[in-house]
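The structure under discussion appears below in the form of structure tokens.
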Amino acid sequence: MAEKRNIFLVGPMGAGKSTIGRHLAQMLHLEFHDSDQEIEQRTGADIAWVFDVEGEEGFRRREAQVIADLSEKQGIVLATGGGSVQSKDIRNHLSARGIVVYLETTIDKQVARTQRDKRRPLLQVDDPREVLENLAEIRNPLYEEIADVIVKTDDQSAKVVANQIIEQLGF
């Protein structure tokens with residue numbers, strides 16, 4: 001039996017990784033995982049609580065373990081956290097264990113998609129746009145570094161983007 005390939009979705013907050021990932025997994029008959037949801041299941045607490053109690057460093061440690069564990073599976077679609085690429089170990093795991101798809105979006109779209117979401121600790125500030133711009137400056141080159149495929153998600157439905165990914169991957 002042929003080995004099933006993994007698809008890892010990377011990109012900023014609000015790019016649509018979780019929504020697109022669910023569509024993609026369903027269309028390809030693969031298992032879907034979301035690293036943030038997995039962290040919440042393992043800790044029994046939401047991401048905001050983990051950030052409050054353990055800080056970003058504690059969250060990133062948990063995230064690295066979850067992604068290391070999940071990326072060892074075969075035949076999954078994994079939606080990663082936006083900041084996961086800041087870890088060289090995570091970038092190496094993703095690159096070595098599957099196809100990395102960078103879901104690219106503009107800051108304007110990120111702001112629009114995340115403005116009412118209170119579950120994003122890094123955006124609970126007076127100027128979330130500034131935070132998103134600063135994060136993009138740091139993270140976008142890292143997404144590009146490990147991406148096998150780059151897909152723009154602005155002004156397209158999750159299903160259309162999932163179809164584009166399938167087409168680009170030749171599945």
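Cβ from N, Cα, C; glycine included.
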Candidates G14, G82, G98, G170, the one Swiss-Prot lists with D36, R60, R139 as binding substrate: G82
Between K17 (ATP binding site) and G82 (substrate binding site), the C-alpha gap once rounded to whole angstrom: 9
G82 (substrate binding site): tally of other CB atoms within 10 A of its CB: 22
Most crowded position, judged by CB atoms within 10 A, among K17, R60, R139 as binding-site residues: K17
Separation of alpha carbons, A15 (ATP binding site) and G82 (substrate binding site) (Å): 9
